[in-house]
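Per TrEMBL, the features are:
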{"type": "ACT_SITE", "residues": "H89", "note": "active site"}
{"type": "ACT_SITE", "residues": "N162", "note": "active site"}
{"type": "BINDING", "residues": "R86, R126, F175, R372, Y376, R383", "note": "heme binding site"}
{"type": "COMPBIAS", "residues": "429-444", "note": "compositional bias 'Basic and acidic residues'"}
{"type": "DOMAIN", "residues": "42-430", "note": "domain 'Catalase core'"}
{"type": "REGION", "residues": "414-444", "note": "region 'Disordered'"}
Amino acid sequence: MADTKKRSARRSDTTTVHDLTLQRGNGGELHQVAEEGQPVLTTAHGVPVADDQNTLKYGERGPALIEDFHFREKMFHFDHERIPERVVHARGYGAHGYFETYDSLAEFTRADIFQRAGEKTPAFVRFSTVAGSKGSFDLARDVRGFAVKLYTKEGNWDLVGNNIPVFFIQDPIKFPDVVHSVKPEPDRGFPQAQSAHDNFWDFISLTPESMHMIMWIMSDRTIPRSFRFMEGFGVHTFRLLNENDESTFVKFIWKPKLGLQSVVWNEAVKINGADPDFHRRDLWDAIQAGDFPEWELCVQLFDQDFADSFDFDVLDPTKLIPEEVIKPIPVGRLVLDRMPDNFFAETEQVAFMTQNVPPGIDFSNDPLLQGRNFSYLDTQLKRLGSTNFTHLPINAPKCPMHNFQQDGHMAMRNPVGRANYQPNSWGEGPREDPKRGHRSYRDEVEGPKVRLRAESFADHYSQARQFYSSQTAVEQKHIAMALTFELSKVETLAIRERMVAHLLNIDEALATMVAENLGIREMPEAADAAVSPRDDLEPSAALSIIQNGPESFEGRKLGVLVSDGCDADLVEALRSALAEEGANIEIVAPKVGGVEASDGSFIEGDQMIDGGPSVLYDAVAIIVSPEGAEKLVKEATARDFVADAFAHCKFIAFVEDARPLLDKAAIEIDEGVVQIESAEDISGFIEMCGKLRLWAREPKVKL
Ligand code: HDD
């Protein structure tokens, strides 16, 4: 039968669309034509490709031909693009930078990176959430990974930390359990990136050693404003070894230059919808704008005598040493100044391993650290698929390296010469160097082979209590609300009650508040405690976010809601005052194209109102005309913009003409809602924004 659908072949012609020279193919499709100087598309084997729009077929509408090697290769590669995501910390974002040493630490360590003041060492940092998949959202309530790779002249040093100084468990054998419990439940495959479910709280309520960590993860530390506003911690006690192999214990802390800041929970929930990449975008924007994030590396140094006399075991990763007990000493700064060229090649393929330490840095016997040293190598092989993952540029050391490791999948570094072993008689190849090489601390260890938890690890509540009592009243309330929210998602009543029983050992008022909020009618007995919780530990101001907040509005963002007919001078004055402060501004307009101001000038929008809800900003300003306000009161997203900013205790500036919108959003004017009519009013407002939020408003907007 004649093929009635057969179309007549079209004539080829060329056309120009937005500066691209395009050629029309026979089917009408457009091909980009290689121009002079532009490379020609080839297969992976270098064969130039003539047509990348159509598979090879029998006739125009006939079956495809297996002979089409270009299509076959293209699909083959695409089908294999994914590698397994990390089993934990799958969602992450990285950046390059450098570490600059302040002063020589030769007295304590022979680590090359700490020998010379002013020395700069290349660095790569990957921040992450723990529980969610690669495609999950940034503002999950979760621990943030803070992994730093320092390419020192004597090998890579990976400090694989978190934004919390303690951990859930004391023994690595429990790691698969804690991770399984927080991940989506295996029968139903949800919830994603959430700890608010039965399995997690079931495990936690049966694991008293996690209580200190629970206080941290229920605090606002787990909903940071951005990576730039969080601390990082090496968690474990490590050792520094000097030239004479004398040991000093050390804990590592990264302190952000901008101070600490978090968002509030209701805001986090909404940010996840409005911009799931909120933290990624923040880091990207800051670095692209040349506003390079910075942290100071601080060390807490102590000796065996301190370790012997300290209230807790320094090998226990569920405990910290308060900064008031051992003051952190700044030893250098980390600056992130360059985004990766390729996310996959660098951020995805970077392999951090706790066991990567250079000479002069050594491990302690913290059991969790010892277990980690085993796990990280293992996981890289699974994820990256070859023992040669160290050949990838992001993982390769930037100092000379030589050994006899050879072959394997995808070997890129292939030794030449005859000798591939040592000792050899050929005078070839590297040899070990007992003087320069990494030496372990000569620890004296004895005792029976046992599966036991040290008695010195048994106090599970005292530091949890100390953390809670170190928080401001606002932060304590947030902890209670977080516990209430999380446990309200737990369906099994017995688990909720078990958690309240633990809280009774931490703070009775907290336990009572959570029990009341959950509607638990009969208060349970306090959980059995292996060691009675202490109440003589001094509160530590360093544990609070609010007491360590930013001192100015630097590095943060004002969202300005505008309408047609708004005051262009005021918007301009805000823009220049913020630039002077080192802060950012985004214009939120009814149409993204922008608005026409009262003086006839045009103000371009950065966001339309739907795309720029106030949760994306640290503070807001409403600069509208009377007609603009009249229109915006009918727009739900504009009302939400104002109402949410108020509910999240943000500072709000407004012009008189915006009042109808404020009234419609039920805003009660307080000291955080200020009228600005001219440039002179602006500096006071920006100074006010330097504080995190108007916390005094919170009781009015949150039960
Ligand atoms: Fe871990 C990844 C931090 C305990 C086993 N961990 C991983 C990452 C960070 C941490 C930041 C992501 C690194 C990256 O960005 O690629 N982990 C910690 C901290 C811990 C901790 C601060 C406690 C102090 N981890 C821990 C234990 C084990 C692991 C006890 C196993 C015994 N962690 C892993 C892992 C991962 C990992 C399975 C998954 C992906 C990877 O290593 O590269 O090996």
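Keep in mind that glycine also has a Cβ here, set from the backbone N, Cα and C atoms.
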Please report the three-state DSSP label of H89 (active site).
coil
Could you give me the DSSP helix, strand and coil counts for the compositional bias 'Basic and acidic residues' (429-444)?
0 helix, 0 strand, 16 coil
When DSSP states are folded down to helix, strand and coil, where does R126 (heme binding site) land?
strand
Local Cβ density at R86 (heme binding site) - other Cβ atoms counted within 10 Å:
22
With the cut-off set at 10 Å between Cβ atoms, which of these recorded positions ends up with the most neighbours? Options: H89, R383.
H89
Far apart in sequence but close in space: which same-chain residues, 6 or more away, have a Cβ under 8 Å from R372 (heme binding site)?
V160, P172, T354, Q355
Using DSSP and three states only, what is R383 (heme binding site)?
helix
Neighbourhood of F175 (heme binding site), C-beta criterion under 8 angstroms, separation at least six:
I169, G371, S375
